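For reference, the structure discussed in these notes is given below.
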Amino acid sequence: YQGWAVRSTNEVLQLYAAHGQQQKVQRSSVVTQLHRAIKRLKQDLKSLHSFALELSKDFRRQSKTCLYQVLAAVQGIQLQNEAMQMFQIKAFDLEQSLQEVTERYEKEKQKRRALHNSLIELRGNIRVHCRIRPLLPFDDAAGQSISQDRQRNFSEKVAYASDDETVLVKCSRPGHASINKIFQFERVYNDSESQDAVFADVAPLLTSLLDGYNVCIMAYGQTGSGKTYTMLGPQLEGNCAFSIEDESELGIIPRATQEVFRLISEKPPGSYWVEVSVVEVYNNEIFDLLAKDSYGKVFGVKRDVVTTREGKSDVPLLTQETVENASEFLHLVSKGLQLRVQHPTLVHAHSSRSHLVVTLTITTVDFGDNFGTSWEDEQTSQRLNKEVSCTFPQKMRDKSTSSSGTSSPVQLEATEKMKQVKTRLQLVDLAGSECVGMSGVTGAALRETSFINRSLSALADVLGAIAEQRSHVPYRNSKLTHLLQDSLGGDAKLLVMLCISPGQKYLTESVQSLGFGTRARQVQRGQVKKKYFPVPSKAK
Ligand code: ADP
Ligand code: MG
(Lines of atoms letter the chains of each structure in order from A and count residues from 1; the text may use other names and numbers.)
(Lines give C-alpha, C1' and ligand atoms only; values in the text may rest on other atoms or scores of the structure.)
(Ligands and ions follow the chains in the order given, each with its own letter.)
Protein backbone atom coordinates (compact mmCIF):
# COMPACT_ATOMS: atom_id res chain seq x y z
CA TYR A 1 0.00 0.00 0.00
CA GLN A 2 2.80 2.36 0.88
CA GLY A 3 4.48 1.28 -2.26
CA TRP A 4 1.33 1.88 -4.10
CA ALA A 5 0.92 5.19 -2.40
CA VAL A 6 4.49 6.27 -3.18
CA ARG A 7 4.04 5.15 -6.73
CA SER A 8 0.80 6.97 -7.00
CA THR A 9 2.30 10.04 -5.38
CA ASN A 10 5.14 9.92 -7.85
CA GLU A 11 2.79 9.42 -10.62
CA VAL A 12 0.72 12.32 -9.37
CA LEU A 13 3.82 14.39 -9.02
CA GLN A 14 4.94 13.34 -12.44
CA LEU A 15 1.56 14.11 -13.87
CA TYR A 16 1.49 17.39 -12.00
CA ALA A 17 4.97 18.23 -13.23
CA ALA A 18 3.93 17.26 -16.74
CA HIS A 19 0.85 19.38 -16.46
CA GLY A 20 2.89 22.33 -15.16
CA GLN A 21 5.35 21.79 -17.98
CA GLN A 22 2.55 21.68 -20.46
CA GLN A 23 0.99 24.81 -19.06
CA LYS A 24 4.33 26.51 -19.13
CA VAL A 25 4.82 25.49 -22.74
CA GLN A 26 1.32 26.66 -23.60
CA ARG A 27 1.76 30.01 -21.88
CA SER A 28 5.00 30.69 -23.60
CA SER A 29 3.49 29.90 -26.99
CA VAL A 30 0.61 32.34 -26.31
CA VAL A 31 3.09 34.97 -25.28
CA THR A 32 5.07 34.32 -28.43
CA GLN A 33 1.95 34.60 -30.49
CA LEU A 34 0.96 37.77 -28.74
CA HIS A 35 4.39 39.08 -29.19
CA ARG A 36 4.20 38.38 -32.89
CA ALA A 37 0.77 39.96 -33.13
CA ILE A 38 1.98 43.05 -31.34
CA LYS A 39 4.93 43.20 -33.67
CA ARG A 40 2.63 42.94 -36.67
CA LEU A 41 0.36 45.57 -35.24
CA LYS A 42 3.32 47.82 -34.69
CA GLN A 43 4.38 47.33 -38.28
CA ASP A 44 0.83 47.99 -39.49
CA LEU A 45 0.68 51.10 -37.38
CA LYS A 46 3.95 52.22 -38.82
CA SER A 47 2.86 51.69 -42.36
CA LEU A 48 -0.48 53.29 -41.56
CA HIS A 49 1.35 56.26 -40.17
CA SER A 50 3.51 56.56 -43.23
CA PHE A 51 0.44 56.07 -45.42
CA ALA A 52 -1.34 58.82 -43.53
CA LEU A 53 1.69 61.04 -43.95
CA GLU A 54 1.80 60.21 -47.60
CA LEU A 55 -1.92 60.87 -47.87
CA SER A 56 -1.77 64.26 -46.25
CA LYS A 57 1.21 65.16 -48.43
CA ASP A 58 -0.73 64.04 -51.46
CA PHE A 59 -3.79 65.95 -50.33
CA ARG A 60 -1.74 69.08 -49.88
CA ARG A 61 -0.16 68.57 -53.27
CA GLN A 62 -3.47 68.01 -54.92
CA SER A 63 -5.25 70.89 -53.23
CA LYS A 64 -2.38 73.12 -54.33
CA THR A 65 -2.81 71.95 -57.91
CA CYS A 66 -6.56 72.50 -57.63
CA LEU A 67 -6.02 75.96 -56.25
CA TYR A 68 -3.75 76.77 -59.19
CA GLN A 69 -6.32 75.43 -61.56
CA VAL A 70 -9.07 77.48 -59.92
CA LEU A 71 -6.91 80.58 -60.04
CA ALA A 72 -6.13 79.93 -63.67
CA ALA A 73 -9.82 79.44 -64.41
CA VAL A 74 -10.72 82.66 -62.58
CA GLN A 75 -8.05 84.49 -64.52
CA GLY A 76 -9.37 82.95 -67.72
CA ILE A 77 -12.88 84.09 -66.87
CA GLN A 78 -11.60 87.55 -66.10
CA LEU A 79 -9.81 87.65 -69.43
CA GLN A 80 -12.91 86.42 -71.17
CA ASN A 81 -14.96 89.07 -69.41
CA GLU A 82 -12.52 91.71 -70.50
CA ALA A 83 -12.61 90.37 -74.05
CA MET A 84 -16.41 90.34 -73.91
CA GLN A 85 -16.41 93.92 -72.71
CA MET A 86 -14.04 94.83 -75.52
CA PHE A 87 -16.35 93.11 -77.97
CA GLN A 88 -19.32 94.92 -76.49
CA ILE A 89 -17.54 98.24 -76.81
CA LYS A 90 -16.55 97.37 -80.37
CA ALA A 91 -20.11 96.29 -81.18
CA PHE A 92 -21.43 99.53 -79.65
CA ASP A 93 -18.88 101.53 -81.68
CA LEU A 94 -19.87 99.65 -84.81
CA GLU A 95 -23.54 100.22 -84.07
CA GLN A 96 -22.88 103.90 -83.55
CA SER A 97 -20.88 104.23 -86.73
CA LEU A 98 -23.56 102.29 -88.58
CA GLN A 99 -26.12 104.71 -87.24
CA GLU A 100 -23.91 107.63 -88.25
CA VAL A 101 -23.46 106.17 -91.72
CA THR A 102 -27.20 105.55 -92.00
CA GLU A 103 -27.92 109.11 -90.88
CA ARG A 104 -25.33 110.44 -93.32
CA TYR A 105 -26.81 108.24 -96.04
CA GLU A 106 -30.28 109.56 -95.26
CA LYS A 107 -28.97 113.14 -95.33
CA GLU A 108 -27.17 112.49 -98.61
CA LYS A 109 -30.30 110.86 -99.96
CA GLN A 110 -32.35 113.88 -98.94
CA LYS A 111 -29.75 116.20 -100.47
CA ARG A 112 -29.79 114.15 -103.64
CA ARG A 113 -33.59 114.26 -103.62
CA ALA A 114 -33.57 118.01 -103.10
CA LEU A 115 -31.07 118.40 -105.96
CA HIS A 116 -33.13 116.06 -108.09
CA ASN A 117 -36.22 118.13 -107.23
CA SER A 118 -34.45 121.34 -108.20
CA LEU A 119 -33.35 119.72 -111.44
CA ILE A 120 -36.91 118.58 -112.06
CA GLU A 121 -38.11 122.09 -111.34
CA LEU A 122 -35.56 123.64 -113.69
CA ARG A 123 -36.35 121.27 -116.50
CA GLY A 124 -40.05 121.38 -115.81
CA ASN A 125 -40.13 117.61 -115.56
CA ILE A 126 -43.27 115.78 -114.64
CA ARG A 127 -42.86 114.12 -111.26
CA VAL A 128 -44.01 110.53 -111.32
CA HIS A 129 -44.79 108.62 -108.12
CA CYS A 130 -45.90 105.00 -108.22
CA ARG A 131 -48.13 103.26 -105.69
CA ILE A 132 -48.45 99.49 -105.61
CA ARG A 133 -51.63 98.45 -103.87
CA PRO A 134 -51.86 95.26 -101.75
CA LEU A 135 -53.25 92.02 -103.19
CA LEU A 136 -56.99 92.04 -102.49
CA PRO A 137 -59.61 89.27 -102.29
CA PHE A 138 -61.09 90.14 -105.69
CA ASP A 139 -57.66 89.54 -107.33
CA ASP A 140 -58.34 85.80 -106.94
CA ALA A 141 -61.56 85.87 -108.92
CA ALA A 142 -60.45 85.04 -112.45
CA GLY A 143 -62.86 84.22 -115.31
CA GLN A 144 -64.68 80.88 -115.20
CA SER A 145 -62.96 79.55 -118.32
CA ILE A 146 -59.58 79.72 -116.65
CA SER A 147 -58.12 76.53 -115.21
CA GLN A 148 -57.46 76.36 -111.48
CA ASP A 149 -53.73 76.18 -112.07
CA ARG A 150 -53.65 79.38 -114.10
CA GLN A 151 -55.98 81.01 -111.63
CA ARG A 152 -53.51 80.32 -108.84
CA ASN A 153 -50.84 81.91 -111.01
CA PHE A 154 -53.07 84.91 -111.59
CA SER A 155 -53.17 85.97 -107.98
CA GLU A 156 -49.40 85.60 -107.64
CA LYS A 157 -47.70 88.87 -106.79
CA VAL A 158 -45.40 90.10 -109.57
CA ALA A 159 -44.95 93.84 -108.93
CA TYR A 160 -42.89 94.94 -105.94
CA ALA A 161 -41.33 98.11 -104.61
CA SER A 162 -37.70 97.00 -104.33
CA ASP A 163 -36.88 100.33 -102.66
CA ASP A 164 -38.56 103.71 -102.34
CA GLU A 165 -37.58 104.66 -105.88
CA THR A 166 -37.70 101.36 -107.76
CA VAL A 167 -40.41 99.02 -108.99
CA LEU A 168 -39.48 95.46 -109.89
CA VAL A 169 -41.80 93.46 -112.11
CA LYS A 170 -41.34 89.71 -112.60
CA CYS A 171 -42.37 89.05 -116.17
CA SER A 172 -42.91 85.39 -116.96
CA ARG A 173 -44.66 83.74 -119.89
CA PRO A 174 -45.30 80.02 -120.19
CA GLY A 175 -42.34 78.39 -121.93
CA HIS A 176 -40.09 81.41 -121.39
CA ALA A 177 -37.55 82.14 -118.67
CA SER A 178 -38.86 84.87 -116.37
CA ILE A 179 -37.17 88.27 -116.55
CA ASN A 180 -37.21 91.13 -114.10
CA LYS A 181 -38.10 94.57 -115.40
CA ILE A 182 -37.04 97.60 -113.39
CA PHE A 183 -38.71 101.00 -113.41
CA GLN A 184 -37.54 104.06 -111.51
CA PHE A 185 -39.64 106.98 -110.32
CA GLU A 186 -39.30 109.95 -108.00
CA ARG A 187 -41.00 107.89 -105.29
CA VAL A 188 -42.39 104.37 -105.08
CA TYR A 189 -44.86 103.32 -102.36
CA ASN A 190 -45.07 99.66 -101.39
CA ASP A 191 -48.34 97.95 -100.60
CA SER A 192 -48.15 98.69 -96.89
CA GLU A 193 -47.59 102.43 -97.19
CA SER A 194 -50.43 104.49 -95.78
CA GLN A 195 -52.45 107.36 -97.18
CA ASP A 196 -50.44 109.50 -94.74
CA ALA A 197 -47.15 108.51 -96.36
CA VAL A 198 -48.49 109.24 -99.83
CA PHE A 199 -49.82 112.61 -98.78
CA ALA A 200 -46.56 113.55 -97.01
CA ASP A 201 -44.88 113.74 -100.43
CA VAL A 202 -47.74 115.70 -101.95
CA ALA A 203 -47.94 118.35 -99.19
CA PRO A 204 -44.89 120.40 -100.32
CA LEU A 205 -46.62 120.98 -103.67
CA LEU A 206 -49.45 122.68 -101.79
CA THR A 207 -47.03 125.08 -100.18
CA SER A 208 -45.85 126.03 -103.64
CA LEU A 209 -49.50 126.46 -104.62
CA LEU A 210 -49.76 129.28 -102.09
CA ASP A 211 -46.37 130.55 -103.20
CA GLY A 212 -47.82 131.26 -106.63
CA TYR A 213 -47.51 128.05 -108.65
CA ASN A 214 -50.25 126.07 -110.33
CA VAL A 215 -50.28 122.43 -109.31
CA CYS A 216 -51.84 119.39 -110.93
CA ILE A 217 -51.96 115.90 -109.42
CA MET A 218 -53.38 113.08 -111.52
CA ALA A 219 -53.84 109.40 -110.81
CA TYR A 220 -53.19 107.03 -113.73
CA GLY A 221 -53.72 103.27 -113.82
CA GLN A 222 -56.06 100.51 -114.80
CA THR A 223 -59.44 100.02 -113.15
CA GLY A 224 -59.10 98.55 -109.68
CA SER A 225 -55.48 99.66 -109.25
CA GLY A 226 -56.30 102.17 -106.49
CA LYS A 227 -56.66 105.55 -108.26
CA THR A 228 -59.87 106.55 -106.52
CA TYR A 229 -58.61 105.10 -103.23
CA THR A 230 -55.47 107.21 -103.56
CA MET A 231 -57.23 110.39 -104.70
CA LEU A 232 -60.41 110.27 -102.60
CA GLY A 233 -60.13 107.39 -100.13
CA PRO A 234 -62.05 104.12 -99.76
CA GLN A 235 -65.47 104.33 -101.39
CA LEU A 236 -68.72 103.27 -99.81
CA GLU A 237 -70.61 100.46 -101.56
CA GLY A 238 -72.07 101.70 -104.84
CA ASN A 239 -71.37 105.25 -103.84
CA CYS A 240 -68.67 107.57 -105.03
CA ALA A 241 -68.51 109.79 -101.98
CA PHE A 242 -66.10 110.25 -99.11
CA SER A 243 -66.32 107.90 -96.21
CA ILE A 244 -65.07 110.28 -93.58
CA GLU A 245 -65.46 107.94 -90.62
CA ASP A 246 -61.78 107.09 -90.58
CA GLU A 247 -59.75 110.22 -91.23
CA SER A 248 -56.53 108.24 -91.67
CA GLU A 249 -58.03 106.64 -94.77
CA LEU A 250 -58.77 109.90 -96.55
CA GLY A 251 -57.11 110.33 -99.93
CA ILE A 252 -55.20 113.17 -101.56
CA ILE A 253 -58.20 115.36 -102.52
CA PRO A 254 -59.72 115.83 -99.03
CA ARG A 255 -56.29 116.03 -97.40
CA ALA A 256 -55.03 118.56 -99.93
CA THR A 257 -58.04 120.75 -99.23
CA GLN A 258 -57.49 120.51 -95.49
CA GLU A 259 -53.85 121.44 -96.00
CA VAL A 260 -54.71 124.38 -98.28
CA PHE A 261 -57.09 125.77 -95.66
CA ARG A 262 -54.51 125.18 -92.93
CA LEU A 263 -51.92 127.13 -94.91
CA ILE A 264 -54.44 129.89 -95.60
CA SER A 265 -55.25 130.14 -91.87
CA GLU A 266 -51.62 131.15 -91.30
CA LYS A 267 -51.95 134.09 -93.74
CA PRO A 268 -53.54 137.47 -93.03
CA PRO A 269 -57.33 137.02 -92.89
CA GLY A 270 -59.21 137.85 -96.08
CA SER A 271 -56.13 137.66 -98.28
CA TYR A 272 -57.07 134.33 -99.86
CA TRP A 273 -60.26 132.73 -101.05
CA VAL A 274 -60.97 129.38 -102.55
CA GLU A 275 -63.38 128.36 -105.29
CA VAL A 276 -64.17 124.83 -106.32
CA SER A 277 -65.31 123.26 -109.55
CA VAL A 278 -65.99 119.58 -110.17
CA VAL A 279 -65.95 118.33 -113.72
CA GLU A 280 -66.32 114.92 -115.28
CA VAL A 281 -65.12 113.96 -118.73
CA TYR A 282 -67.33 111.13 -119.96
CA ASN A 283 -67.45 109.89 -123.55
CA ASN A 284 -65.45 112.95 -124.58
CA GLU A 285 -68.03 115.32 -123.09
CA ILE A 286 -67.48 117.68 -120.18
CA PHE A 287 -70.07 117.64 -117.40
CA ASP A 288 -70.29 120.30 -114.73
CA LEU A 289 -71.09 118.34 -111.58
CA LEU A 290 -71.80 121.42 -109.47
CA ALA A 291 -74.29 123.07 -111.82
CA LYS A 292 -77.70 123.53 -110.20
CA ASP A 293 -81.18 123.74 -111.65
CA SER A 294 -83.59 126.50 -110.65
CA TYR A 295 -84.61 124.53 -107.53
CA GLY A 296 -81.03 124.43 -106.35
CA LYS A 297 -80.70 120.68 -106.95
CA VAL A 298 -77.35 119.54 -108.23
CA PHE A 299 -77.31 117.97 -111.68
CA GLY A 300 -74.64 117.47 -114.35
CA VAL A 301 -74.71 120.01 -117.18
CA LYS A 302 -72.73 119.59 -120.38
CA ARG A 303 -70.07 122.28 -120.87
CA ASP A 304 -67.49 123.00 -123.49
CA VAL A 305 -63.82 123.75 -123.26
CA VAL A 306 -62.40 126.65 -125.29
CA THR A 307 -59.05 128.25 -125.80
CA THR A 308 -58.91 131.92 -124.72
CA ARG A 309 -57.15 134.69 -126.66
CA GLU A 310 -54.20 134.28 -124.29
CA GLY A 311 -53.95 130.65 -125.37
CA LYS A 312 -55.29 129.26 -122.09
CA SER A 313 -57.97 126.63 -121.83
CA ASP A 314 -61.23 127.69 -120.22
CA VAL A 315 -64.66 126.21 -119.54
CA PRO A 316 -67.23 129.01 -119.97
CA LEU A 317 -70.12 129.02 -117.47
CA LEU A 318 -68.44 126.42 -115.30
CA THR A 319 -69.86 126.50 -111.78
CA GLN A 320 -67.33 127.77 -109.27
CA GLU A 321 -68.46 127.55 -105.66
CA THR A 322 -66.68 129.52 -102.99
CA VAL A 323 -65.81 127.39 -99.97
CA GLU A 324 -64.52 128.61 -96.65
CA ASN A 325 -63.30 125.43 -95.05
CA ALA A 326 -62.46 121.81 -95.82
CA SER A 327 -65.76 120.36 -94.59
CA GLU A 328 -67.75 122.71 -96.84
CA PHE A 329 -65.56 121.50 -99.70
CA LEU A 330 -66.08 117.83 -98.82
CA HIS A 331 -69.82 118.29 -98.61
CA LEU A 332 -69.92 120.04 -101.99
CA VAL A 333 -67.66 117.56 -103.77
CA SER A 334 -69.51 114.57 -102.28
CA LYS A 335 -72.73 115.93 -103.75
CA GLY A 336 -71.07 116.37 -107.14
CA LEU A 337 -69.56 112.91 -106.98
CA GLN A 338 -72.95 111.27 -106.58
CA LEU A 339 -73.44 112.09 -110.24
CA ARG A 340 -70.25 110.49 -111.41
CA VAL A 341 -71.09 108.06 -114.18
CA GLN A 342 -70.20 104.51 -113.33
CA HIS A 343 -70.36 101.26 -115.13
CA PRO A 344 -69.40 97.89 -113.68
CA THR A 345 -66.75 96.02 -115.65
CA LEU A 346 -65.41 92.57 -115.01
CA VAL A 347 -62.31 94.04 -113.49
CA HIS A 348 -63.91 95.74 -110.55
CA ALA A 349 -67.55 96.32 -109.76
CA HIS A 350 -67.33 100.02 -108.94
CA SER A 351 -65.02 101.17 -111.67
CA SER A 352 -65.40 104.72 -112.81
CA ARG A 353 -65.67 105.07 -116.51
CA SER A 354 -64.97 108.78 -116.56
CA HIS A 355 -62.20 111.20 -115.74
CA LEU A 356 -62.85 113.33 -112.68
CA VAL A 357 -61.27 116.77 -112.39
CA VAL A 358 -61.65 118.66 -109.11
CA THR A 359 -60.22 122.17 -109.33
CA LEU A 360 -59.48 124.51 -106.45
CA THR A 361 -58.86 128.07 -107.58
CA ILE A 362 -57.09 130.13 -104.97
CA THR A 363 -57.27 133.87 -105.34
CA THR A 364 -54.67 135.80 -103.43
CA VAL A 365 -55.33 139.43 -102.73
CA ASP A 366 -52.71 142.08 -102.17
CA PHE A 367 -54.38 144.94 -100.28
CA GLY A 368 -51.72 147.41 -101.32
CA ASP A 369 -49.70 147.20 -98.12
CA ASN A 370 -46.44 145.36 -98.36
CA PHE A 371 -48.02 141.96 -98.02
CA GLY A 372 -46.93 139.62 -100.75
CA THR A 373 -44.05 141.68 -102.06
CA SER A 374 -41.97 138.55 -102.17
CA TRP A 375 -44.01 137.57 -105.20
CA GLU A 376 -43.14 140.66 -107.15
CA ASP A 377 -40.93 140.46 -110.17
CA GLU A 378 -41.24 143.24 -112.71
CA GLN A 379 -40.50 141.48 -115.97
CA THR A 380 -42.72 138.53 -115.37
CA SER A 381 -45.50 140.50 -113.78
CA GLN A 382 -45.76 142.79 -116.80
CA ARG A 383 -46.39 139.73 -118.91
CA LEU A 384 -48.75 138.15 -116.43
CA ASN A 385 -50.69 141.35 -115.95
CA LYS A 386 -53.06 140.14 -118.61
CA GLU A 387 -53.69 136.85 -116.86
CA VAL A 388 -54.99 138.45 -113.73
CA SER A 389 -58.70 138.43 -113.61
CA CYS A 390 -60.53 141.21 -111.83
CA THR A 391 -63.75 139.39 -111.04
CA PHE A 392 -64.43 138.66 -107.41
CA PRO A 393 -66.65 135.87 -106.22
CA GLN A 394 -70.03 136.89 -104.83
CA LYS A 395 -68.84 136.81 -101.22
CA MET A 396 -65.97 139.21 -101.96
CA ARG A 397 -68.21 141.54 -103.95
CA ASP A 398 -70.55 141.60 -101.00
CA LYS A 399 -67.66 142.54 -98.76
CA SER A 400 -66.39 145.33 -101.01
CA THR A 401 -69.73 147.08 -101.71
CA SER A 402 -71.32 149.43 -99.21
CA SER A 403 -74.78 148.84 -97.73
CA SER A 404 -76.28 151.55 -99.97
CA GLY A 405 -75.05 149.65 -103.00
CA THR A 406 -72.70 152.38 -104.25
CA SER A 407 -69.00 152.45 -103.56
CA SER A 408 -67.55 155.35 -101.66
CA PRO A 409 -64.43 156.99 -103.15
CA VAL A 410 -62.36 155.46 -100.37
CA GLN A 411 -63.64 151.98 -101.17
CA LEU A 412 -63.10 152.49 -104.89
CA GLU A 413 -59.55 153.49 -104.19
CA ALA A 414 -59.15 150.45 -101.99
CA THR A 415 -60.50 148.19 -104.74
CA GLU A 416 -58.17 149.77 -107.26
CA LYS A 417 -55.24 149.27 -104.98
CA MET A 418 -56.23 145.66 -104.40
CA LYS A 419 -54.46 143.27 -106.74
CA GLN A 420 -55.07 139.60 -107.05
CA VAL A 421 -53.48 136.50 -108.45
CA LYS A 422 -55.15 133.18 -109.13
CA THR A 423 -53.42 129.88 -108.72
CA ARG A 424 -55.01 126.56 -109.47
CA LEU A 425 -54.87 123.11 -107.95
CA GLN A 426 -56.20 120.45 -110.32
CA LEU A 427 -56.83 117.01 -108.87
CA VAL A 428 -57.54 114.37 -111.47
CA ASP A 429 -58.81 110.81 -111.04
CA LEU A 430 -58.46 109.37 -114.53
CA ALA A 431 -60.63 106.56 -115.85
CA GLY A 432 -59.15 103.05 -116.04
CA SER A 433 -56.33 102.65 -118.56
CA GLU A 434 -57.02 98.96 -119.36
CA CYS A 435 -57.45 97.68 -122.91
CA VAL A 436 -60.93 96.79 -124.19
CA GLY A 437 -60.22 93.07 -124.47
CA MET A 438 -59.23 92.87 -120.84
CA SER A 439 -62.51 94.12 -119.45
CA GLY A 440 -64.67 91.97 -121.73
CA VAL A 441 -67.08 94.81 -122.43
CA THR A 442 -69.44 95.20 -125.40
CA GLY A 443 -72.07 97.68 -126.63
CA ALA A 444 -72.40 100.99 -124.80
CA ALA A 445 -69.67 100.04 -122.39
CA LEU A 446 -67.37 99.29 -125.31
CA ARG A 447 -68.07 102.82 -126.61
CA GLU A 448 -67.18 104.20 -123.17
CA THR A 449 -64.00 102.18 -123.08
CA SER A 450 -62.96 103.25 -126.53
CA PHE A 451 -63.50 106.92 -125.55
CA ILE A 452 -61.41 106.32 -122.46
CA ASN A 453 -58.69 104.66 -124.49
CA ARG A 454 -58.75 107.48 -127.04
CA SER A 455 -58.51 110.18 -124.39
CA LEU A 456 -55.67 108.39 -122.63
CA SER A 457 -53.78 107.92 -125.91
CA ALA A 458 -54.39 111.61 -126.58
CA LEU A 459 -52.79 112.27 -123.19
CA ALA A 460 -49.79 110.13 -124.13
CA ASP A 461 -49.58 111.87 -127.53
CA VAL A 462 -49.61 115.30 -125.92
CA LEU A 463 -46.81 114.32 -123.55
CA GLY A 464 -44.92 112.77 -126.49
CA ALA A 465 -45.26 115.98 -128.53
CA ILE A 466 -44.05 118.10 -125.60
CA ALA A 467 -41.17 115.70 -125.00
CA GLU A 468 -40.10 116.00 -128.63
CA GLN A 469 -40.63 119.77 -128.48
CA ARG A 470 -42.87 119.63 -131.53
CA SER A 471 -44.31 122.96 -132.62
CA HIS A 472 -47.82 121.55 -132.61
CA VAL A 473 -49.06 119.82 -129.50
CA PRO A 474 -52.38 118.04 -130.17
CA TYR A 475 -54.21 119.22 -127.03
CA ARG A 476 -57.51 119.44 -128.90
CA ASN A 477 -57.57 115.78 -129.90
CA SER A 478 -59.60 115.07 -126.79
CA LYS A 479 -61.61 117.06 -124.27
CA LEU A 480 -59.46 115.65 -121.49
CA THR A 481 -56.20 117.03 -122.88
CA HIS A 482 -57.88 120.28 -123.91
CA LEU A 483 -59.22 120.73 -120.38
CA LEU A 484 -55.83 119.94 -118.83
CA GLN A 485 -53.90 121.85 -121.51
CA ASP A 486 -52.34 124.46 -119.21
CA SER A 487 -51.27 121.95 -116.59
CA LEU A 488 -49.83 119.52 -119.13
CA GLY A 489 -48.15 122.24 -121.16
CA GLY A 490 -45.93 123.49 -118.39
CA ASP A 491 -48.08 125.98 -116.52
CA ALA A 492 -48.25 123.74 -113.45
CA LYS A 493 -46.11 121.54 -111.29
CA LEU A 494 -47.43 118.21 -112.43
CA LEU A 495 -47.42 115.01 -110.42
CA VAL A 496 -48.56 111.74 -111.94
CA MET A 497 -49.50 109.12 -109.37
CA LEU A 498 -49.22 105.76 -111.11
CA CYS A 499 -51.40 103.12 -109.49
CA ILE A 500 -50.42 99.49 -109.93
CA SER A 501 -52.20 96.21 -109.16
CA PRO A 502 -49.52 93.75 -108.06
CA GLY A 503 -51.07 90.48 -109.35
CA GLN A 504 -49.87 88.37 -112.28
CA LYS A 505 -53.37 88.74 -113.74
CA TYR A 506 -52.74 92.44 -114.40
CA LEU A 507 -49.13 92.11 -115.59
CA THR A 508 -49.73 93.52 -119.10
CA GLU A 509 -51.71 96.50 -117.81
CA SER A 510 -49.22 97.19 -115.04
CA VAL A 511 -46.28 97.17 -117.46
CA GLN A 512 -48.25 99.50 -119.77
CA SER A 513 -48.88 101.94 -116.88
CA LEU A 514 -45.25 101.79 -115.78
CA GLY A 515 -44.21 102.50 -119.38
CA PHE A 516 -46.53 105.52 -119.47
CA GLY A 517 -45.01 106.78 -116.21
CA THR A 518 -41.47 106.27 -117.49
CA ARG A 519 -42.20 108.26 -120.66
CA ALA A 520 -44.01 110.99 -118.70
CA ARG A 521 -40.99 111.35 -116.43
CA GLN A 522 -38.74 112.16 -119.34
CA VAL A 523 -40.84 115.05 -120.58
CA GLN A 524 -39.02 118.36 -120.09
CA ARG A 525 -41.33 121.34 -120.32
CA GLY A 526 -39.08 124.18 -119.16
CA GLN A 527 -39.27 125.81 -115.75
CA VAL A 528 -42.79 126.15 -114.34
CA LYS A 529 -43.72 129.82 -114.02
CA LYS A 530 -44.71 131.41 -110.79
CA LYS A 531 -47.65 133.82 -110.69
CA TYR A 532 -46.81 137.36 -109.60
CA PHE A 533 -48.82 140.33 -108.47
CA PRO A 534 -49.03 142.96 -111.17
CA VAL A 535 -46.71 145.87 -110.51
CA PRO A 536 -48.38 149.30 -110.74
CA SER A 537 -47.32 151.08 -113.90
CA LYS A 538 -44.68 153.77 -113.43
CA ALA A 539 -46.97 156.49 -114.89
CA LYS A 540 -49.50 156.03 -112.06
P1 ADP B 1 -59.59 102.45 -109.32
O2 ADP B 1 -60.13 103.78 -108.91
O3 ADP B 1 -58.21 102.52 -109.86
O4 ADP B 1 -60.50 101.71 -110.20
P5 ADP B 1 -60.08 101.79 -106.57
O6 ADP B 1 -59.45 102.97 -105.93
O7 ADP B 1 -61.55 101.78 -106.69
O8 ADP B 1 -59.45 101.55 -108.02
O9 ADP B 1 -59.52 100.50 -105.82
C10 ADP B 1 -60.04 99.22 -106.03
C11 ADP B 1 -60.20 98.52 -104.69
O12 ADP B 1 -58.94 98.34 -104.09
C13 ADP B 1 -61.05 99.30 -103.71
O14 ADP B 1 -61.82 98.40 -102.99
C15 ADP B 1 -60.03 99.96 -102.81
O16 ADP B 1 -60.54 100.19 -101.52
C17 ADP B 1 -58.92 98.92 -102.80
N18 ADP B 1 -57.59 99.55 -102.65
C19 ADP B 1 -56.94 100.25 -103.59
N20 ADP B 1 -55.74 100.67 -103.15
C21 ADP B 1 -55.63 100.21 -101.89
C22 ADP B 1 -54.63 100.32 -100.88
N23 ADP B 1 -53.48 100.98 -101.09
N24 ADP B 1 -54.85 99.71 -99.70
C25 ADP B 1 -55.99 99.05 -99.48
N26 ADP B 1 -56.99 98.90 -100.37
C27 ADP B 1 -56.82 99.48 -101.57
MG1 MG C 1 -61.81 104.68 -109.65
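One-based numbering along the chain as shown.
Backbone N, Cα and C define each Cβ position, glycine as well.
Checking TrEMBL for coiled coil across the ranges 91-118, 147-174, 511-538 points to 91-118. Every protein chain shown contributes to the tally, and the Cβ of Gly221 (ATP binding site) ends up with 30 other Cβ atoms within 10 Å. Its Cβ placed at the centre, Ser225 (ATP binding site) has 28 other Cβ atoms within 10 Å. Gly226 (ATP binding site) counts 23 other C-beta atoms within 10 Å of its own C-beta, drawing on all protein chains shown.
Taken together, the residues of the coiled coil (91-118) have an average pLDDT of 91.
Within the set of binding-site residues Gln222, Thr223, Ser225, Lys227, Thr228, Lys227, Thr228 have a CB atom less than 6 Å from some atom of ligand 2.
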